[in-house]
Amino acid sequence: MAKSKFERNKPHVNIGTIGHVDHGKTSLTAAITKYFGEFKAYDQIDAAPEEKARGITISTAHVEYETPARHYAHVDCPGHADYVKNMITGAAQMDGAILVCSAADGPMPQTREHILLARQVGVPAIVVFLNKVDQVDDAELLELVELEVRELLSSYDFPGDDIPVVKGSALAALEDSDKKIGEDAIRELMAAVDSYIPTPERPVDQPFLMPIEDVFSISGRGTVVTGRVERGIIKVGEEVEIVGIRPTSKTTVTGVEMFRKLLDQGQAGDNIGALIRGVNRDGVERGQILCKPGSVKPHKKFKAEAYILTKEEGGRHTPFFTNYRPQFYFRTTDVTGIVTLPEGTEMVMPGDNVTVDVELIVPIAMEEKLRFAIREGGRTVGAGIVASIVE
């Protein structure tokens, strides 16, 4: 399907609002669009459409806006479960997050949970909006809440002392009732987001990686592997490694084609066929990757943050225990893995999110923040992300 070309001279950043239920995430999202985008009312954002990511249904609202410096895509979720699913599946990638915390309540259970999730799924930076400051008349109390939020962030390895904390009222901004804590605070918040949340490196500037989807042998020319380039650029004549499942091997890309035309290079986002030198048709398989030599290693053991589907979502009807052996679907292939639950966790119920240890039966090209689906016989029963690699 032809889409209109996305032309923009400003850097693009994906962000989202996180925080406890009813602390004002959606009101803040609405307030930002009021000054920086095409205004979206609370109800328009709150009625988030459902979408599917990795076989999981998630309600997510997307808005866009821009500051003089950047263009933003912003995601807001109606329910806590949607946040968990969103962050784990990466349905809406976050380059940074705005943590919304009510000054009247201080940090609450989901404040903590969203910060932990942000840490586990590798959200690089957080900016804090202390909302509802008009409900707190004591300046000392306000300082205490700010301190509490900073300490909470530090306890999850975010730089709590350096993170910008902006105090204001999303409602005051929406109702134009108090400019200082309304409009001024929203403008101050976006200035902080502009300066504190780093611009992500564009996929095309990262080291080359292409998951292999298919392998063909073309008589007289050799072996062709096809797939969509995940990141970076591959030029004809460059050396690459084939990583995962089998021992890592090196080869040279002797041709790149797209839509049956020969190119001198393929780049992030392109669906290409790459002709590789000196590799037999059976020397390479789906589920391996082509990558820049030395950039990615194969691993079997990792810690993961996972969300397990409920029965209603098409998931399991029963809990699972340590030594559970489902398939882990990484990029283009399923690999069986053995799950070990954390100490003190007897079982995992459908609908839970959990940190687990996994050992795959064969090594897979893997990095932190790589996403996967958990499947049983081809049916998705969960989603996860590699939180850290063990070996």
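Don't overthink the numbers, they just go from 1 along the chain as shown.
Glycine is no exception: its Cβ is also placed from the backbone N, Cα and C atoms.
Note that the structure is predicted; figures quoted are calculated from it, not measured.
According to Swiss-Prot, the domain 'tr-type G' annotation covers 10-201.
Per Swiss-Prot, the feature region 'G1' maps to 19-26. Across the region 'G1' (19-26), DSSP helix (H, G, I), strand (E, B) and coil residues number 2 helix, 0 strand, 6 coil.
Annotated GTP binding site per Swiss-Prot: 19-26, 76-80, 131-134, in sequence order, evidence recorded as sequence analysis. Within the same chain, the residues at least 6 positions away from His80 (GTP binding site) whose Cβ sits under 8 Å from its Cβ are Val21, Gln110, Glu113, listed in sequence order. Taken residue by residue with DSSP, His80 (GTP binding site) is part of a helix.
Per Swiss-Prot, the feature Mg(2+) binding site maps to Thr26; the stated evidence is sequence analysis. Around Thr26 (Mg(2+) binding site), the same-chain residues at least 6 positions away in sequence with a Cβ under 8 Å from its Cβ are Thr17, Tyr42, Ile45, Asp46, Ala61, Asp76, Pro78.
If one looks beyond the region 'G2' (55-59) by at least 6 residues along the same chain, the residues whose Cβ comes under 8 Å of a Cβ in the stretch are 48-49, 77-79, 82, 85-86, 89, 91, 307, 309, 313-314, 373, 380, 383. Residues or ranges marked as region 'G2' in Swiss-Prot (evidence: similarity to another entry): 55-59.
Look at Swiss-Prot and you will find 76-79 tagged as region 'G3'. Long-range contacts of the region 'G3' (76-79) within its own chain (CB-CB distance under 8 A, at least 6 residues past either end) are made by residues 16-17, 21, 25-26, 29, 45-46, 48, 58-61, 63, 86.
Swiss-Prot lists 131-134 with the feature region 'G4'. Same-chain residues lying 6 or more positions outside the region 'G4' (131-134) and placing a CB less than 8 Å from one of its CB atoms are 23-24, 27-28, 100-104, 142, 167-172, 178, 181.
The Cβ of Cys77 (GTP binding site) has 24 other Cβ atoms within 10 Å, all protein chains considered. Summarised by DSSP class, the composition of the region 'G4' (131-134) is 2 helix, 1 strand, 1 coil.
For Asp22 (GTP binding site), the same-chain residues 6+ apart in sequence whose C-beta sits under 8 angstroms from its C-beta are Ser102.
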